[in-house]
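Notes for the one structure printed next.
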Amino acid sequence: MEEGAADLRQRKKQNCTESDKMAPEERNKENSKLGRSPKYLLIQRFAKLFFGCLAAVTSGMMYAVYLSTYHERKFWFSSRQELEREITFQGDSAIYYSFYKELLKAPSFERGVYELTHNNKTISLKTINAVQQMTLYPELIASVLYQASGSEEVIEPVYFYIGIVFGLQGIYVTALFVTSWVMSGTWLAGMLTVAWFIINRTDTTRIDYSIPSRENWALPYFACQVAALTGYLKKNLNCSAEKFCYLLVNASTYTFMMMWEYSHYLLFVQAVSLFLLDSFALAQTEKVHEVYRIYLFSVIVGYLLQFENSALLVSPLLSLVVALMLSKSLQMNMKKSTFVSRLLKIMYIYLVLTVAVTLNFLLKMFIPHKENGHLLKFIEVKLGLNTTKNFTMNWLLCQESLQAPSQDFFLRLTQSSLLPFYILVLIICLFSVTQVIFRRICGEPLKEAVKLEDGRIGERPEIVYHVIHTILLGCLAMCLEGMKYLWTPYVCMLAAFGVCSPELWMTLFKWLRLKAVHPILLALILSMAVPTIIGFSLWKEFFPRIMTELTELQEFYDPDTVELMTWIKRQAPVAAVFAGSPQLMGVIKLCTGWMVSSLPLYNDDDLLKRNENIYQIYSKRSAEDIYKILTSYKANFLVIEDSICNEVGPVRGCRVKDLLDIANGHVVCEEGDNYAYSKYGRFCHEIKMNYSPYVNYFTRVYWNRSYFVYRINTVISFQS
């Protein structure tokens, strides 16, 4: 153990210049043994790099074109009017795109940014900093690019916007390609990664039905960061490549943090992976701590540029990084006794965790913050540590993305052969990593360079990092189905790397003690044959389905919503305020520009309370109660959706009206029987009867098959 630590410190101190001087000499000796000239090998490496990069870029471009074509076929986008196109943006997606429209309509970019940071034209009686609260940096960048590039006369704003998102998805795929290529050494792994990613598109991305969502803007940058980090952690990396990877990790980490409000949580998971990697001395400590410094820099700069966003200061990422920095001196000054060093290593891990938790607790005590407190309550209820009748909490628990993944999810991954190969690769890598950790505990040093015949894939730090990272993300995905969009892409990448890596097959053969066939030759053959067979079977089974998706025209038409938006734009006063479900309010804000009383946002306690109060229109409350709630938000019109009022939910107790009845105490469930305690009928039903007292407070002004619009009377008549 002592010798291994000394060797590791010696390797860290070796500078890039020395490495670059030694590398050509070693390569020349190796080449002379193989009977190959350096010029021949240079051409071979250049050809491999050129065709690999060409394949990576082509894969990304083809995926972006595929998404654009599929989107066009799904919505008939080019043949629609502007209003019909905008209706395809639902919920929070509609809000993001509406602010992009406002930026383009502003007389100048500076004025547009000011109006967003002092926005009082979206939510009634509330001024918000929309840029900070909704993380609108993607819209700021898109609007600047649209105007600076002179695209006004070439392309419509909506095509430019979704084109950027589709282009980022192409970068996402390219980054996954490069990651698996760097890990396996062959770009065949990248091709297989892309194939699995596209085939499992419903489980790898949310792009189909939520184009402007923050994760679709942010995750491509995180994928680039992971690719750069993979290269940065590699051993025997030349100086130029190491600097390039370091700079790319810097840029992509900061950009990722600016694009998504929840990015620091994902970076926290990554930081935990690196912490475990460093704790077992499986990577160069200096490199890992350089990444910690990047985290620290990104958090500080993000805090300043996100209008002093205090949520970053109380984030677990910052607490963990600071704790690691404070504890570094103890780790570096450990005594050299083997037993004592092991004991101090355990104490070091305990110290880091203790300091991180304590620091986070103190920061939350002394720093005023608006961190999502409801997330902690949600975790308590989700884990069964608490129960609640709160409408918002139970509504979140009923969302499909926040429930455990269904059996269909695992069935889909199995049918595409992804899950079986992922489990195989993960088991081999995990056992190999465990062996390496055991050797380190026994005092055996790590090898300077792991060769193919060694069969020690677990000694490669980038592999260990990905094993830990995918396990942590997998644990989250097993609890929340929405986390599968973070986990499944890396499942594709890790599985493709494994089946294409001769080192992984060689590691397996070392355990099996294969002697009948030369193990190195068999490993090389299998690393080519297995992915080829997988690729051929995937092509045969799934390619016809993908082509059918691209050629089949799907009908998406919502005439009732189009009629509602048209009526609002033509008949409603400009200063009117609309109230209704938050999802519909987002569409109204986008399509008409009218002010609304609530929005589908779940990171603000005041907006969550508003949503719950306005949802009372579907509860068993009196007309007077509903009238008081709506007028308290200065609402002028009320929109009732028949789909919510008459909802027949697949999960009992998860309908909006059921959750409201539970929260209001109007229904008590005992042994399967329901007992009603409200003397009023359901408001959304009663108001349609047009009798007193409902007609005294509300006047119906428009209706169709799906929506009923009522004007909220300012002068109340109590005539029966």
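The backbone N, Cα and C atoms fix where each Cβ goes, and this holds for glycine too.
Just so you know, TrEMBL annotations are computer predictions that nobody has curated.
Marked as region 'Disordered' by TrEMBL: 1-32.
Annotation source TrEMBL lists compositional bias 'Basic and acidic residues' at 18-32.
Positions annotated as transmembrane segment by TrEMBL: 49-70 (among others). If one looks beyond the transmembrane segment (49-70) by at least 6 residues along the same chain, the residues whose Cβ comes under 8 Å of a Cβ in the stretch are 162-163, 166-167, 169-174, 177-178, 181, 187, 190-191, 194, 197-198, 207-208, 546, 549-550.
According to TrEMBL, the transmembrane segment annotation covers 181-199 (among others). Tertiary neighbourhood of the transmembrane segment (181-199): same-chain residues 48, 51-52, 55-56, 59, 63, 66, 173, 227, 230-231, 234, 416, 418, 462-463, 466, 489, 492-493, 495-502, 527-528, 531-532, 534-535, 538-539, 542, 546, selected by CB-CB distance under 8 Å and a gap of 6+ residues from either end.
Feature annotation from TrEMBL assigns transmembrane segment to 265-283 (among others).
Feature annotation from TrEMBL assigns transmembrane segment to 295-326 (among others).
Among the features that TrEMBL reports, transmembrane segment is placed at 347-367 (among others).
Annotation comment: TrEMBL describes 419-442 (among others) as transmembrane segment.
Residues annotated as transmembrane segment in TrEMBL: 486-508 (among others).
Per TrEMBL, the feature transmembrane segment maps to 520-539 (among others). Residues 184, 186, 188-189, 191-192, 195-196, 199, 416-417, 421, 452-453, 496, 499-506, 509, 514 of the same chain lie 6 or more positions beyond the ends of the transmembrane segment (520-539) yet place their CB under 8 Å from a CB of it.
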Any contact between the transmembrane segment (419-442) and the transmembrane segment (295-326), i.e. 3 or more CB pairs below 8 Å with pairs at least 6 residues apart? no
If we skip the immediate neighbours and take only residues 6+ beyond the ends of the transmembrane segment (295-326), which ones have a Cβ under 8 Å from one of its Cβ atoms? 117, 129, 131-132, 250, 253-254, 257-258, 261, 264-265, 267-268, 271-272, 275, 289, 351-353, 355-357, 359-360, 363-364, 367-372
